[in-house]
Amino acid sequence: MSTTPSREDFDRYMVPNYAPQQVIPVRGAGSRLWDQEGREYIDFAGGIAVNALGHCHPVLVGALKEQADRLWHLSNVYTNEPALKLAKSLVERTFADKVYLCSSGGEANEAALKLARRYAHDTFGEHKDKIISFRQSFHGRTFFTVSVGGQPKYSQGFGPVPGGILHAEFNNLDQARELMGDDTCAVMVEPMQGEGGIVPATQEFLEGLRELCDEHEALLIFDEVQTGAGRTGKLYAYMHYGVIPDILTSAKSLGGGFPVAAMLTTDKVAKVFTLGTHGSTYGGNALASAVALAAVEHIDTPEVLEGVAKRHELIREHLETINRQHGVFQEIRGMGLLMGAQMTPDYEGRAKDILPLAIEEGMMALIAGPNVLRLAPSLVIPEEDISEGMARLERAIAKLVVKG
Ligand SMILES: *Cc1c(COP(=O)(O)O)cnc(C)c1O
């Protein structure tokens, strides 16, 4: 006999590495979700910047169903049509010549870091192994990627950390310059830090990193797992800056909710990943690739991308209005539909308290660190969902203010 699962089942059966909200959503359409009791929510969390086209978008459902009836998986002993189409499409739309497909952001970054190490090793020799990244950055949860990430709490307590990794302050070019040398293999950076608090890189910083990498024959890696696939209003955030990386990683929005990721690079770099050097059973899975192809083709259109910029402005206006009423934010920032509202010192550490209050009002949001409320809605969220969602957020924030 089966009973309806409950939130208590999480505590009973699942490893306690998450603390999910109390409600369990069971159905979604567009930017709305419904829980087990039929209560409705407007979704500004977007599965952590994943559901780029909302829930159950017909284009993605159609691609998934068509492929589901055709072919799911082959492994890399064979190639498959959706993977080939996806790789070609990404190459045609970006700086890249070659694509490596996998299933998650952490996996794409793991591949990027291994590729950079292998490239330096094979081209310049063993000494060139230093990887520079930035404090507060987030690059995934594999042991290499948490170590490169700039939040030590994620890599502590797991034994010896991989060596050759150096951290500088984000947006501080002088610090990066001091760490750079002939032994620098790669610099890994998010064009806008996501988990670290929605902090865009400055133009000078990314341009400067590009110059430093060229000077020291190091590779520049852009982690666009969160900023990529249309999230910032261009297909990739590097396109706003006009700074071209050697390697770029993409996941989250890329599959619109289906687990898929890609590492993009140039011919020059890709060639060191010779037969057998790296791989993944699921990488380039036919079902995942078919969905990602549909997502990319739908997102990379003027209609969707220009809509992202319009929605950004609309949400910013709403947040500013809320702030005029309640004075809880000290700064509203971000690019496209990855936005952050930094709490004032009076509400230090309180961003997370907004989330359950918003749930009570029928609105889902995120945080990015203790002091930033983060919004990452669907790139095609309807205007009426924005205004209704923001009205609900206003009520949640009013409750926060009353509580003090
Ligand atoms: C989410 C994220 C990752 C990790 O992606 P997973 O799919 O969770 O492995 C890596 N880098 C950035 C910038 C991210 O936002």
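Glycine is treated like the rest: Cβ placed from N, Cα and C.
Positions annotated as pyridoxal 5'-phosphate binding site by TrEMBL: PHE138, ASP223, GLU224, VAL225, GLN226, THR281. ASP223 (pyridoxal 5'-phosphate binding site) has a Cβ environment of 31 other Cβ atoms inside 10 Å. Secondary structure at ASP223 (pyridoxal 5'-phosphate binding site), as computed by DSSP, is strand.
Residues or ranges marked as N(2)-acetyl-L-ornithine binding site by TrEMBL: ARG141, SER280. Note on ARG141 (N(2)-acetyl-L-ornithine binding site): other Cβ atoms within 10 Å of its Cβ, all shown chains, come to 16.
Secondary structure from DSSP puts LYS252 (N6-(pyridoxal phosphate)lysine) in a helix. All protein chains shown were included, and the count of other CB atoms within 10 Å of the CB of LYS252 (N6-(pyridoxal phosphate)lysine) stands at 28. Residues or ranges marked as N6-(pyridoxal phosphate)lysine in TrEMBL: LYS252.
Less than 6 Å separates the Cβ from ligand 1 in the case of PHE138, drawn from the binding-site residues PHE138, GLU224, SER280, THR281 in sequence order. DSSP assigns THR281 (pyridoxal 5'-phosphate binding site) to coil, not to a helix or a strand.
It is 6 Å from the Cα atom of VAL225 (pyridoxal 5'-phosphate binding site) to that of LYS252 (N6-(pyridoxal phosphate)lysine). The number of other Cβ atoms within 10 Å of the Cβ belonging to THR281 (pyridoxal 5'-phosphate binding site), over all protein chains shown, comes to 11.
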